[in-house]
Ligand code: DGL
């Protein structure tokens, strides 16, 4: 019986990680849960994010997933260590892979991190980056307007371009040569971010490196799926099915996508 890889995020952001995983591991089955009704997680207290992340985790664990990807930086910062310790399946987040990818890309050891308020306040990226390379210098910037631009399907609009330019202005005067998209929603704004920062700055989407880690971990635990048949992906949202489906179909190449509405905790 095929077992799925579970992905959780506060909304549609984690789909950017799913996209990379499906590219590298097309035979895998995906179960995805976006807690859209309670998005954004970024401005919330880390204890609340920790609780919501456990609620999402338990929902997917009850559906017999073989591995969990916390495809949300805010949730990774708040709950990865605890969830990893308590579950008996492999669990990964997106902060360590994003940091590794940025260290590979930087030439001058000056790295910018864009994230939610929660991720920036947690200092999870500076800790992860300096844990791997003590000489690296990190400029973090919270971009609280980006998530709602994505969730409201405005990510290709002129408003999005303006918000990106206004938000990233403080980074223009720094010497960073690499930017980590430290929120899984932000890859949907990647072109706008690249255009604003210019070609001297590498923009890192942690999804690709996370997908390589998923692949390596599944291989290590002998959990890889080699059989193409029966990969019935399932997508769950606590919010609007139609908005979720629109964004997911724009972003992923999954035919006959089924999106189901579910309730978690106090959400309706
Ligand atoms: N996609 C999420 C992240 O990577 C969180 C966005 C939010 O809910 O604020 O941090």
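Every residue, even glycine, has its Cβ placed from backbone N, Cα and C.
Feature annotations, reproduced from TrEMBL:
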type	residues	note
BINDING	9, 10, 41, 42, 73, 74, 184, 185	substrate binding site
ACT_SITE	72	active site, proton donor/acceptor
ACT_SITE	183	active site, proton donor/acceptor
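Sequence features annotated in TrEMBL and their locations in the structure.
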residue: 9; record: substrate binding site; DSSP class: strand
residue: 41; record: substrate binding site; DSSP class: coil
residue: 72; record: active site, proton donor/acceptor; DSSP class: coil
residue: 183; record: active site, proton donor/acceptor; DSSP class: coil
(request) Fill in the CA-CA distance, residue 183 (active site, proton donor/acceptor) to residue 73 (substrate binding site), as an integer in Å. (result) 5
(message) Just to confirm: which same-chain residues, 6+ apart in sequence, have a Cβ under 8 Å from the Cβ of residue 185 (substrate binding site)?
(response) 11, 12, 13, 16, 146, 147, 150, 151
(request) Let me know the largest Cα to Cα distance in Å among the substrate-binding residues 9, 10, 41, 42, 73, 74, 184, 185, as an integer. (result) 12
(message) I'd like to know which of the binding-site residues 10, 73, 74, 184 has the most other Cβ atoms within 10 Å of its Cβ.
(response) 73
(request) Find the one among the binding-site residues 9, 10, 41, 42 whose C-alpha lies closest to that of residue 72 (active site, proton donor/acceptor). (result) 9
(message) Cβ within 8 Å of the substrate site centroid (9, 10, 41, 42, 73, 74, 184, 185 excluded): which residues?
(response) 11, 13, 14, 39, 40, 72, 75, 116, 119, 147, 183
(message) If you count other C-beta atoms within 10 angstroms, which of the active-site residues 72, 183 is the most crowded?
(response) 72
(request) Compile a sequence-ordered list of residues in the same chain as residue 9 (substrate binding site), six or more apart from it, whose Cβ lies below 8 A from its Cβ; state 'none' when nothing qualifies. (result) 15, 17, 32, 33, 34, 35, 71, 72, 75, 184
